[in-house]
């Protein structure tokens, strides 16, 4: 009997101790937690940069972890709700309002230009981390929408590679020729009708935006209808992937039709080129979006990722220090390279550009080729955009599988999208 | 003293099951969003579920279809294999029993669902076939009810069969008039258990559909939609209401099964 009591006590004590131990300072050291989403490549360089930070700041210990994008925000939200928020958080443009609107991100405004240096920055780009006058995040790097394509298939079909000035009709014709030239085995393009990023770029080409400044839908039913019709035109012309492949969009590069060699081209972000290049080394290139407008390409300088601190961090100073280090330290910049896109600090961007190879080189060259055409980023999307993003994908799927007509899908999309923005 | 021994279990049951359930019942009447203080909204969540959420009703339909297909196919397979194994007495029965049980051990694993996804690649990506693949995946994991059936079969007194054989009863006759009635309590037990499990199915659908219930919502299980509302849209109040409706529905269906059991379940000592 007694023995059991003792065992119980010891177990209880152990539980208590382990419960209190997490995240607390050990031996006069500050310990902070930094989390991001990404793959092993990114983990390697990020951890290397963090180790360098620790060696320069002996009193700060940084524990890190990462997830893939899909699981990341689910884990983050539960951790924050459980009062166990990480101190430094990689943030996504699409989720910025979702989190900042709920007051879980630290306002960095007092530190910008001081502990977080910004002299070597494009000042307009800093603003992409601002919401209602508060700097709730700093952009980590820049990316833009692009067409990733297989140049061999383009030349084998005798069509021109993507270049500034080509139109959606040009794209459709080229894609149809490629598809025919492979006997239908490889699609000319990946169906884009369910992807909000593509829709946004297309809208911008027509002088519109996804959202108004008030956070309402910035387009009409007719706009979306025309976009879905555009995607249908590709299907009717036998220029794009079949319905079954639509569902694999937005996955890792190895799961996309282009990554699986089932498509000759697809809409993506240049910062994802590293992933494509791992699956199909040195086989793919980047080109500009087609546009029916001579002046506007639609792509913009998007913060590929941002970095924030938790509003509830107990170690504000250390968190801010780590953020500045990742953004502005030349050695950290060298280690991180273009893994997250073009570095936000222009001096570091230049230094990285001097020493390019492989995927990084392709990304930099693409950005250079379209730079004159890139717009500034719009305000971060409102709360509810994450839901709308999935909604668009789902409704488009229902159209492609013939479950709904475009008009039915449109009505349902509209109702649910407005509900999501409430 | 007995409560002292029960203590660890009681602590766990109260702390990890009862308390969260009570909290979730409370939250189901609020607009809790994970970050802000919950605000009381009365029956709004429940009203919206049934009045203003076509996707919710769709997910109920998908789940009912899944239950209606997966439970009978799993039980039939389990019973068939158990009958086979029972006939094997001593001739490698132990080996085959383990072999057929193996898929169930791996059953809930993510790795297996991923393998399934890869094998049925194109099926999984077509709305008309996606649910079928998940039903197949679940039916294949018939090990647990099979082992229980087998134990039940071995409990049936041999002399019943011998007497029937002397009277000239064939295999089917013996199955219908002896095996099934004698096995009915076990069948009932398996039916209740598998029905409850099927309503709560999550992992397979989550992995096979990449967490989206797709394509085109064809595998949007109840639990998957609950998860999406709660953890990707942060509508925890709404998700809690969904969880409670599911709990009540499962309780009702189980009660109905128990009511019907008096007509077809035969306990040896009754007559």
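Glycine residues also receive a Cβ, built from the backbone N, Cα and C atoms like all the rest.
Here the structure is a predicted model, which means the values were calculated and not measured.
Through the fold, the transmembrane segment (B:9-29) approaches residues 3, 38, 40-43, 45-46, 236-237, 240-241, 243-244 of its own chain, all at least 6 residues removed from its boundaries and within a Cβ separation under 8 Å. As annotated by TrEMBL, transmembrane segment applies to B:9-29 (among others).
According to TrEMBL, the domain 'ABC transmembrane type-1' annotation covers B:60-257.
Per TrEMBL, the feature transmembrane segment maps to B:66-88 (among others).
The annotation transmembrane segment is assigned in TrEMBL to B:100-119 (among others).
Per TrEMBL, the feature transmembrane segment maps to B:131-153 (among others). Note on the transmembrane segment (B:131-153): residues 62, 65-66, 69-70, 73-75, 77-79, 81-83, 85-86, 97, 100-105, 107, 112-113, 116, 120, 123-124, 179, 182-183, 185-187, 189-190, 193-194, 198, 201, 204-205, 208, 218-219 of its chain, located 6 or more positions outside it, place their CB under 8 angstroms from a CB of the stretch.
Annotation comment: TrEMBL describes B:174-193 (among others) as transmembrane segment. Remote same-chain residues near the transmembrane segment (B:174-193) are listed as 71, 75, 78-79, 83, 145, 148-149, 151-153, 155-156, 160-161, 164-165, 254, 257-258, 261, 264-268 (criterion: CB distance under 8 Å, separation of at least six residues from the stretch ends).
Feature annotation from TrEMBL assigns transmembrane segment to B:236-258 (among others).
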In the same chain, who gets a Cβ under 8 Å from the transmembrane segment (B:100-119) while lying at least 6 residues past its ends?
81, 85, 133, 137, 140-144, 146-147, 203-204, 206-208
